[in-house]
Structure formats: structure tokens, C-alpha cells
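Input: a single structure, listed below in C-alpha cells.
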Amino acid sequence: MTIPHNASRSADRDHSDSASRSPAVEMRGITRRFGAVQALRGVNLSLARGEVLGLLGDNGAGKSTLTKILSGALTPGSGEIMIDGQSRHFSSPRDAQEAGVHMVYQDLSLCGSIDVAGNLFMGREPIRHVFGLPLLDTKTMHTRAREMLQGLGVVIRDTYARVDGLSGGQRQAIAIARAAAFSPRVLILDEPTAALAVMEVEAVLSLITKLRDQGVTIILITHRLQDLFHVCDRIAVIRDGVVAAERRIGDTTIGELVDLIVGERFHARSAH
Amino acid sequence: MPGPHTEHLTMSHKPTHRREIRLFHRLALQFEKQPGLASVLCLLLVCVLTFSFCAPSFFSLTNFLTILRQNAAAFISATSMTLVITTGGIDLSVGAVAAFSGITMAGLATFWHVPPVFALGGALLAGTAAGTANGLLVTRVGMAPFIVTLASMSVFRGLSLLTAQGYSLPLPEGASLLEWPGRGWLGPVPVPAIILLLCVVAGSVTLHRTRFGRYVTGIGSNEEGVRRTGVNVRRVCLVVYALSGLAAALSGILMTGRLGSASSNIGVGFELDVIAAVVLGGTSLTGGYGSVIGSALGILTLACLKNGLILAHVSPFLTQIFTGLITIGAIWINMSLKGRDFFGIRKSSHGI
């Protein structure tokens with residue numbers, strides 16, 4: 001698996017000059033409190049277009065609160081979110097999706113008893129009219145589903161197969177492909193490689209690379225630190241509700257990342 | 001033959017999909033998707049064959065049409081119940097709502113001298129309103145469908161008794177339109193048979209061929225997931241319960257028309273027969289998968305069983321016992337078929 005150089009990426013698809021000059025995502029001073037717990041204490045984070053950012057942090061550090069705020073599932077206590085230089089207020093996931101921010105949840109949100117194509121088109125199924133009745137255009141659905149999966153290099157031969165019969169990696173690929181079909185500007189992936197077989201991790205990582213090459217800005221949450229070195233440009237470590245550290249991927253090591261997540265020199269090095 | 005489930009996610013760019021899936025493969029997939037359909041079909045065949053030998057009058061067109069006429073209401077309610085159960089819900093109030101709608105129809109025509117067409121419309125409206133009330137409590141208040149419909153069953157049965165003061169209300173003379181859906185004939189075909197056929201076809205098309213049906217299935221499978229894709233999950237559920245009320249009203253109209261009078265005691269235990277048939281037809285009681293055709297076959301099987309046992313001069317007390325035992329047996333078979341492929345080999349489970 002080869003990872004294309006930054007320079008070879010297509011810079012922009014459909015954005016004006018002003019949009020391409022400003023960061024794809026900029027979060028300033030984001031705070032959020034749950035009762036007595038101050039989950040976020042003023043997060044500042046910005047991502048360039050087509051950048052892959054690895055978001056790290058121990059359980060409870062605030063990374064999932066931050067991504068939920070960015071994807072509209074939670075509203076921030078204070079702070080500002082800018083997408084392509086425009087200030088945005090998301091009060092629902094719908095708002096975020098309209099601004100081009102999509103999230104693939106760890107539980108994938110797929111329907112096990114529905115086939116692959118049905119899941120890819122859930123909520124926006126193509127329709128054809130038969131005697132004036134709006135019926136599902138399953139033929140178009142399956143044809144386009146195959147094209148979508150092929151375009152992303154995902155091999156699932158049978159789009160008629162039920163999703164609950166597929167492997168974890170195949171399901172992950174379907175969930176990512178579904179989000180990718182909305183032509184997102186920003187894609188948040190929550191633990192996409194957790195509990196996958198080795199081959200499947202490789203496949204999901206190259207799917208991420210492929211999306212990045214199409215100019216999608218990606219935030220990757222993962223506990224598998226070795227994955228970050230395959231796909232990420234930069235790492236941000238969240239600790240105690242703030243961005244504790246940011247590193248270019250070339251300037252860091254797994255050992256340093258573990259220290260940054262835990263917040264002290266850590267000698268056992270369990271992640272090696 | 002490599003099945004669809006042995007494929008692994010690979011990133012190679014070799015030619016990927018077979019353009020057409022072979023017929024046999026599709027058949028096997030269909031079987032995998034609808035394991036209940038195969039078993040209920042077998043059960044129906046066994047019933048029909050057995051009774052054709054045991055009871056000489058069983059296997060005839062007249063008897064078949066009789067079975068359809070007597071059970072048309074059950075077919076209609078089973079169709080809507082399939083939708084409700086596929087969302088992961090349940091509607092226990094269909095029998096009471098059927099009675100309430102019948103009473104409404106007869107009451108409108110007898111006491112208020114409303115023209116028959118409007119009496120029919122009033123009955124349908126009453127049923128739809130009852131279903132909508134159930135749906136609002138389930139979707140807006142967030143109460144469990146079992147509790148909501150158990151309570152409304154009691155309310156609507158009580159309302160029927162209160163309205164009719166415990167008597168049955170005969171349909172007025174000269175209002176044959178009110179009886180027509182339940183006992184009319186179009187040439188050689190009974191009207192209720194036509195209505196039930198239309199309902200089953202419409203229900204099946206709705207569940208399997210429309211966006212709405214897709215969301216009904218999706219909600220039963222992963223409600224939160226469907227909500228995240230932007231579908232108005234609450235509205236879909238509300239419409240499902242409203243449809244269930246509408247179908248219950250239609251069932252009530254048919255039952256009332258067949259009897260010639262509206263009774264507050266029609267359809268006692270009706271909901272349980274309908275639910276048994278729906279589950280017999282392979283619909284998952286936990287939601288996420290449903291088959292309207294399966295439910296219709298379920299009703300037909302139970303109806304043939306009752307009818308055949310009577311024609312074979314078996315004690316009517318035994319009929320209930322047989323019905324119950326066969327339901328358990330059939331569902332047992334369904335459960336052991338689930339998770340197996342066309343050849344009965346257990347599939348590896350990835351869980352979900």
C-alpha cells in the first residue's frame with residue numbers, strides 16, 4: 001500500500017479561492033460542561049483541507065465530546081466553529097451534514113436485516129414511478145451501490161447480501177462509503193479499525209487514504225496508534241478537556257504519543 | 001458455490017462483481033432472507049393435504065371461498081400488524097378498535113340516520129383516530145407500545161359497550177351498502193375476498209417496495225441508525241399505528257357486515273390470533289424483518305386448520321389445543337432455520 005505524497009493531492013474540487021485559503025475546520029475556544037464535569041475547557045484546533053488528523057486521548061479526555069460538537073450531536077457551551085472560513089452553529093446532526101460535516105459512529109448505524117445497497121441508500125433511496133406509485137428503484141440502487149463501492153476500491157461482490165452476514169471490515173467500509181456518498185468536506189471516523197482483522201484494517205486505512213486524496217478532511221479517532229502513522233498528517237492529543245499537544249506525524253514516535261496521552265513519562269510502553 | 005458471505009474486503013482492482021447472479025443463488029438468498037415463508041408454506045401444504053384426505057368436503061372452491069370470507073378481517077389486520085411488528089412494536093387494540101368502529105358505523109346509521117357512505121367513512125375515521133392516539137402515545141410520549149395498546153384495548157372495548165349499552169346494534173333496513181363489504185358478492189367472488197386480496201397486495205408492496213416500508217424495516221433493525229440518516233422516525237411510526245387503526249376499522253366493518261349487526265363483543269381475542277399468524281409467517285417479533293405474504297399464509301394456515309378440524313368432525317375443544325401446539329411447533333422450526341443457509345448448514349455468525 002502506497003500513500004501518495006501531499007503534493008500530489010488534488011487541492012480543491014468545488015471551492016472558491018477564499019474557501020481554499022482558510023482552514024477546512026477551525027474550532028476556537030470550545031467548551032462544554034456536563035453538570036459538575038467540565039468536559040472541554042477551551043479547545044482550539046484547526047485542520048487544513050485534505051488533511052488527516054489523528055485525534056488521541058484517553059477515555060474521558062473529551063475527544064468524543066469534541067467530535068459530537070463538531071458533528072452537531074451536542075451543542076458547545078461556548079466557542080466558535082468555522083467550516084471553510086464561515087462561522088457555523090449546529091443544533092442538530094442535520095445542520096452539520098448540510099455544512100458538509102459527516103460522522104461515522106463506532107456502532108456504524110447500519111441495519112443488519114437490510115441489504116448492502118439498502119444501507120448505502122438509507123434515507124435517500126432512488127424512486128421510480130409505476131402507475132403513479134413511488135416505488136423503490138432497486139435496480140438503480142444496486143447498480144449505483146456497486147459503482148460507489150468500486151469507486152472507493154471496496155470489494156463487496158453482492159450488494160443483495162444482508163449486512164448482518166458481513167464481516168466487521170465490510171460493514172465499516174459500507175458505513176464509510178455511505179458517509180462518503182454525501183461528498184463530505186469533513187469526515188469524522190470514530191474507531192474505524194477497532195476489532196478488525198489485520199487484512200481488514202489495511203483495507204479500511206487505504207479507504208481513508210483514498211478519501212483524503214479526493215480532498216476530504218478527515219478526523220480519525222483511534223486507540224490503535226500504529227494506524228496513525230499510516231494515514232495521518234498530524235496528531236492532536238486531548239487531555240483534561242484541552243488540546244495538550246499537536247505533532248506532525250514525522251516528528252513523533254509511538255512512545256512519545258503514549259507519554260502525551262497519559263500526561264507523564266511512561267516506562268512500561270505497553271503500546272509497543 | 002462461494003456464497004456472498006465468504007467474500008473478504010480486499011483492495012485489489014480485479015474485475016469485481018458478476019453481472020448477474022444466478023437464479024439458484026438468488027433463490028437461495030431469498031430463502032435465507034425469508035426462512036419463515038418456506039416453513040409456513042410447508043405447514044399450509046401439510047394441512048391442505050391432510051384435510052383433503054380426512055374431510056371430503058374440505059378441498060373445494062366453495063369451502064376455500066368460505067374460509068376467505070370468514071377470515072377476511074384477520075387477513076386485513078394481519079397485514080397492518082406485520083408493519084407494526086416489523087418496527088419492533090405491537091398493537092393489542094385491533095380487536096377492540098374493530099368492535100368500536102363497527103359500533104360507530106351502526107350507531108351513526110341507526111341513531112343519527114347518517115347516509116351509509118358517511119357511516120362507513122365515520123367508522124374508518126374512528127379507527128384511524130384510535131390508531132393515531134396509540135401512535136402519538138408511543139412516539140411523542142415514548143411509552144411502550146405493549147402498555148399503550150393494552151390500555152387502549154380496554155378503553156375502546158369499554159367505549160363500545162357504553163355506546164351500545166351492552167346490546168348489539170342491528171344494521172338498519174335498506175342500508176345494504178353497510179353489509180356489502182362483509183357479505184356482498186361480485187359475480188362469483190365474495191367482496192371480502194377481494195378486499196383482503198387488495199389489502200395484502202398493498203401491504204406487501206408498501207413494506208417491500210417503498211421508502212416508507214424500507215424505513216419500517218430499518219426502524220425495527222436499528223432505530224437510532226435510521227434516525228441518524230435523517231429519516232423522521234417518529235412520523236413513520238405514527239403512520240404505522242394510524243394504518244393499524246384504519247385496518248382494524250376495516251376489519252370491524254367486514255365483521256359487522258357479515259353478522260348484520262354491530263356487537264361490542266366482536267373481535268375478543270382477535271389481536272392474539274392475528275399476532276400468532278404474523279409470527280407464524282416468519283415476521284420477527286423483535287422487529288427488523290417482516291413479510292406480509294408470510295402473515296397472509298399464517299392466517300390461511302390457522303384458518304384451514306380450524307375449518308378442516310371441524311369438517312373432519314374433530315371436537316371443537318381440540319381445535320384450540322391443536323392451533324396452539326402447531327403455532328409453537330412452527331415457530332420452533334422457524335427459529336432453528338434462522339441463521340442457516342439454503343442447505344441447512346449453520347452460518348458463521350458475526351453478531352450485530
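Each Cβ is built from the backbone N, Cα and C atoms, and glycine gets one as well.
Owing to the predicted nature of the structure, the values given are computational and were not obtained by experimental measurement.
What TrEMBL says about this one:
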- B:36-61: transmembrane segment (TRANSMEM)
- B:67-85: transmembrane segment (TRANSMEM)
- B:118-139: transmembrane segment (TRANSMEM)
- B:146-169: transmembrane segment (TRANSMEM)
- B:189-207: transmembrane segment (TRANSMEM)
- B:236-255: transmembrane segment (TRANSMEM)
- B:275-305: transmembrane segment (TRANSMEM)
- B:317-335: transmembrane segment (TRANSMEM)
Positions whose Cβ lies under 8 angstroms from the transmembrane segment (B:67-85), at least six residues beyond its ends: 91, 94, 98, 145, 182-183, 190, 192-193, 195-196, 199-200, 202-204, 206-207, 213, 216, 220, 240-241, 243-244, 246-248, 250-252, 254-255, 258, 267, 270-271, 273-275, 277-279, 281, 283-285, 287, 290-292, 294-296, 298-300, 303-304, 307
Annotated stretches the transmembrane segment (B:189-207) and the transmembrane segment (B:275-305) touching (3 or more Cβ pairs under 8 Å): yes
Stretch-level contact, the transmembrane segment (B:236-255) and the transmembrane segment (B:317-335), CB cutoff 8 A, at least 3 pairs: no
Distant-in-sequence neighbours of the transmembrane segment (B:146-169), which means Cβ under 8 A and at least six residues beyond its ends: 90-93, 95-97, 99-100, 102-104, 106-107, 110, 130, 133-134, 137-138, 261-265, 268, 271
Beyond the flanks of the transmembrane segment (B:36-61) by 6 or more, those residues with Cβ under 8 Å of it: 280-283, 291, 293-294, 297-298, 300-301, 304-305, 307-308, 311-313, 326, 330, 333-334, 337
